[in-house]
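A.B. asks: Attaching a single structure in structure tokens format; questions to follow.
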């Protein structure tokens, strides 16, 4: 995919000497490139550009790559303020620069061997602020598909068309679930009424399962003194992913990226006996993480999120049973939503990367061994992922493959011996001495944002009746004649706790029916002359075109309650 980025950069540089490049990357089979020039592109130009790009790949003689220092890289891009900014923001010591003729390009993960013969299809052009910051200049973004044969390109285009139908970003707009606005900021989702209802339905189900599992609900602030995150180690190991500190009353405060430090302090409010262990806390936690703007993908990766967070404080002899129970809880809850995970990872630390993980080899050996033994006891197939652990401990990650063929983590179990040490957490054991508990972090469905993104892609927005934000829509045939009866039916259904809308637009019946289909509302109730005479008998139609049926009001309510 990055070969497509290079070809587009070369074409732009040859045509516009002063072009400047912003972020680039790929999602599945689709690449994108941000750039700044004093000319606006349109899709009408794509055919000519595609022809130029496809012929360009055969003319790349003499192309080469070289690793250089930051100072040398900056000198190559002296007149490109955006690339210079990106170079400075990266954490790299060496930079892979690609040279072609007298031009140079920075595409860090590019492999030249893939550029032999190209077939490119450009998909769209849009505008966005550099790094998602409204105070910055607007850049143009071109998305495209790169292939090495015509047959492959045709297949990728076909797959892309199918993906668009399932893309959670377009479905979110179509179903009026969520939106984004540059005045609020990149990666900061706005939940609309239907999306908020969907969140509440999901949350209510998960909260009930948490209660059955023995979790106590707590609530803690989104802000904390910077010292809290220094004690926990987040400031040292996670600072680059946290929002900058805010100065309040001469104190440095930070938006939390995780809830565990807060829950450690909640546990510390009381001295527990070994008989009262484990202690299980749950919270719908609002978190803020400063994700790179180029990595923001709809709800899948955002900067403000709500995590259904759970922490188990237990004795060492309870670790295995608590992890097994948490594993089964995750499977049970996600099965209700139709999820079968594509992969389960055992995420381990990388002993060569001491800056990313705590330096305690003995602790890592013990915690990683315990996690692996649990997976073996459960007879679970898993894949080891070196370097994917949390900085404080190993994880079991439940992975879902998106429509862009990218694995994302939906649920997780993490084992943590570190934070009890950091916060000096203790309980009283049988011998009346103080012992350190162990923390098990459990994300049953992860964040609402990512879970709903995955749910939309899995269902194409066709939610089962129990999960649909709007279960039924009432459609009066004629506003003048039938609206009064439709309103009466609407109020009757509301009293029965049915999630129902009333379409009181002046449009023709056929248009209202089409709109209900677009919004994927499971049931349509048509109110005409028959219903005016008797609202105890309803005319019902499924949005997928099921046969129109006559059903009593009571049986309709029973059906919705049964299936919903």
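Keep in mind that glycine also has a Cβ here, set from the backbone N, Cα and C atoms.
Grabbed the feature section from Swiss-Prot, which reads as follows:
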- 167-464: region 'Catalytic' (REGION)
- 260, 311, 441: Zn(2+) binding site (BINDING)
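Each of the listed features needs to be described in terms of its position in the shown structure.
C.D. replies: Sequence-distant contacts (6 or more apart, same chain, Cβ under 8 Å) of residue 260 (Zn(2+) binding site) comprise 232, 309, 311, 416, 419, 439, 441.
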A.B. asks: Within the region 'Catalytic' (167-464), what mean pLDDT does the predicted structure show?
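C.D. replies: Averaged over the region 'Catalytic' (167-464), the predicted model reaches a pLDDT of 93.
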A.B. asks: Minimum Cβ neighbour count within 10 Å among the binding-site residues 311, 441: which residue?
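C.D. replies: Looking at the binding-site residues 311, 441, the Cβ with the fewest others within 10 Å is that of 441.
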